[in-house]
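Engineer: Dumping the structure here so I can ask a few things about it.
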């Protein structure tokens, strides 16, 4: 056994052990604190705190390591060949050391991953745990609420992110000019595109942090949907904006506005969004057809494994094809919960939900621990007081400038207004987290990159601890309902369904969802032969399994026992009792509005 | 964003996607084949096959890459400083390339991990998936059967491994001498210690492969216990033997027998075994006390997470402290199933079992896919026909020389004889797999190392496919019961308990388990105050939770609904009804023998 292999293996084991230990300490401490009624600390904050403690300890143990490494970097410089060598051999006393090429760097500074690359690539963390976190959020989301609020969610997520990005960029750029005036920075240090890039990267609120808080406090379901929907979708926005700005700044280095490059960026933005959506949906279609037309449900273990692997693949496939993995897995989760779940056995439903729940819980803790660890362990932080001040100020200003005006505009159209208290809380709940971190950590080779990296970590820490801790008192102060159970809402909606309203637009969504997608992908809904035109006969025969006709009603009534799916149950039961038109009526009522107005929607739970 | 980061990230994503894709294809193909009644192929064989296909594809795409890399290795040789540099910088045209030190190598050949290290460290695979696989095996093992057969299992696992190691070593050494005679190898190529090392590494049968087959076929429970117990424990034996031989050969390079070094190796072997056992048990004690004395059971998600993390830690902690992770997690699993499970909520029990089940299933597939992939992808295989012939012959000879004589000796003492048919099947079921692979892959820097590596991979492939496929027909041929449900056995045992037998040794085990460990670690068993001496009053008060007295019987009767734990239920119920002496009587009856004889045990299910 070679010594190196052994050492490497040992350090990998130690690292894993440290991570598991941190997670255990976090879980137990936070749980104990909550039992003692200190409800202010949540898991994400706790995880980050203990991560920082570990980072500090490791740093103290390796004191001076950073400097040492800098010295070593220039030890052996020799003229290489024209092609990049994969490995070089350095003659060191009696042994030969094999050395591996890890990539080009600008000579200024080693990258963030330097202290860990030997044993750990943080990308693994994000590839492993981000998909289950987002998927779990989408999979357990109250579907009706989400569809009711879809328009508003999209507005906040995309318009909001763009507003945030521009305001943060402009504000921080102002502060960097101030730095130049005060002699704290050279003139060419920060370009406008750098500041906009920072704006794009920190403009998104974080679904991990937001979900952690929301599921903890169980706030009003509309507020939950708005905040979670926004945080998931604006990640996509931020990722795409970041890429678009990078592309833009690479194409035209001059700071002047360049319309073709801008249009290209916008096109790219829309393309990535649509592509990711389609990809996520493709994986749902695959899973749904596989579970519908095979007898996989007879073996819940296989069913769960296939469901889990296919859902996870949506993230990986999107990333591999240059799309947004987060958006893909989000839509995959939403559509799996709408269609595939009907094809699963009841044990399969329970298993998938519990599996994602555990992965989501542990993933949150691991990711935040790691952020805390890096905050104190990274040896090349650049803290610039003015830049940090600008960043902190700008994220509040920009959030105010996006939430209040957009809410005002949306309320003009919405039947269910967004109450003023909700707006205050949304303004307040601008947590930054894992996604911002994963964006900024990619480039820490330049001083600008490191300034952005360090400032973002501070922002994450501040929003997680200060805002996260203040959220509970804030909700009480604003008099917003907390401790809402998902099924509190079921009755409200069924009553609304029963009392009904005028039959409005028989929209595209209804036709697509109820008449086409449900019968094709599940055993529920009207027979395909009825809902499709005559000439689609072959298609209808192909996708109607024999079971559809036989046990349609029975299957649709044995719905998941989980409260999140109670709405579905109500809907399906009504659908199978009242037939096509009754169900259509109800679907339109619920889904015609999309939170943008026009259709009569349920009365607001509370007005400001 | 730096280009390198992006590329690295992309390749990590692609790798994960490939792994997930392979797993999906394997699951679906094997499941479909089984539906079509081709029951011969199992998941491990399928996974290895598809892994090989991927390896072949990648190899074809990167054709010639291996040679190219060899050339590059000597491109840049320059005199380094006395201390090992962490990174060196090579001036290559206009860019500087940062190059990272990955470890000493003997100049002969790059290590096995070279093609993957950029994105993937196989150690991660083993750290992530081996613990859940072993834990799941131990956690769901029929405890009574295991204890009944403990003596035999230990004999096969440890004496068997030593016999295997010596015979394989000697046999292969004979073949290497033949190679020297025939001019196929130089005189100094293979030492006896090399051959013994090979013997140690391939002497262990693999729990992953064995479990895959056993749970698939559901063979007779005694045979299951013997095979699984042996395969898990002999891994430990193999790991420790490997280390001992390495230490021995490093201490005295001369091939003569060196008694002090040998004694040291034996001491090391026993020390590691005892240490790992204790460490695994420590983690169980921690989990049991935590779940007993806190109200963690009110939150099944936290309960499952803590249980999962602590069980996993036992593996990591053992590895980090130089002990055997596999042995630690094995004992942790066994003792968690005996004690901690009584403290979990019923949802927690179900969740933990299902979580480990999924991880076990996916882990098996990932590990075998990876082995298949490496078999075709590794560019530096050394296949020596004579060595391979020797290896194949010797594993059969050695297995015959350990199974039959040891069974004969054990049958002299055992009341439940090991039937001749079982012996034939045990002889046959000598699968090699993940653990052998993880041992041999550590050193592939020398030609001997690579010969061993390639030969072991062939052995794994052969035993997985040929023996794995032939197992089902073999069982039918030998007329061994298959398709046994775990609860088939419950009745038999309760009948045996009811009919009873003479009250033999009130052994240490009974006193420790029933009178001490159960009351301390769970809410079951007799009150501590009764079973402990007077002077332990403080201790008894400290560890008797108030609930013990109140709802002892009730808790112990709401046992896990899983069939594997039915035996526990019977025992506890009898214990709480018949009081201390009745239960003691029954425990002695069941556990006095340990498969080595003396106590009257249940009648054999079948004699050869």
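Each position is counted from 1, following the chain as shown.
Every residue, even glycine, has its Cβ placed from backbone N, Cα and C.
Those TrEMBL annotations? Automatic predictions, nothing curated.
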Engineer: Give the range, chosen from B:81-104, B:153-176, that TrEMBL lists as transmembrane segment.
Structural biologist: B:153-176
Engineer: Which one of these stretches, B:106-123, B:124-141, shows up in TrEMBL as transmembrane segment?
Structural biologist: B:124-141
Engineer: For which of the residue intervals B:385-410, B:411-436, B:489-514 does TrEMBL record transmembrane segment?
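Structural biologist: So the range that TrEMBL calls transmembrane segment is B:385-410.
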Engineer: Taking a Cβ cut-off under 8 Å, which residues six or more beyond the ends of the transmembrane segment (B:452-471) line up next to it in the same chain?
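Structural biologist: Same-chain contacts beyond the ends: 40-42, 44-45, 48-49, 112, 194, 197-198, 201-202, 206, 209, 212-213, 217, 368, 371-372, 374-375, 378, 381-384, 387-388, 391-392, 395, 428-433, 436-437, 440-441, 444.
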Engineer: Pairs 6 or more apart in sequence, C-beta under 8 angstroms, 3 or more of them: is that satisfied by the transmembrane segment (B:153-176) and the transmembrane segment (B:385-410)?
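Structural biologist: These two stretches do touch.
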Engineer: Apart from its near flanks, which chain residues at least 6 from the ends of the transmembrane segment (B:323-341) lie with a Cβ under 8 angstroms of it?
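Structural biologist: For the transmembrane segment (B:323-341), the sequence-distant neighbours (Cβ-Cβ under 8 Å, at least 6 residues beyond its ends) are 130-131, 134-141, 143, 146, 232-233, 235-236, 239-240, 272-273, 275-277, 279-281, 283-284, 287-288, 291, 307, 311-312, 314-317, 349, 435, 513, 517-518, 521-522, 560, 564-565, 568.
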Engineer: Near the transmembrane segment (B:124-141), which residues from the same chain, at least 6 beyond its ends, have a CB less than 8 A from one of its CBs?
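Structural biologist: Result: 207-208, 211, 225, 228-229, 232, 311-312, 314-316, 319, 325-326, 329-334, 336-337, 352-353, 356-357, 359-360, 362-364, 366-367, 370, 434-435, 438, 562, 564.
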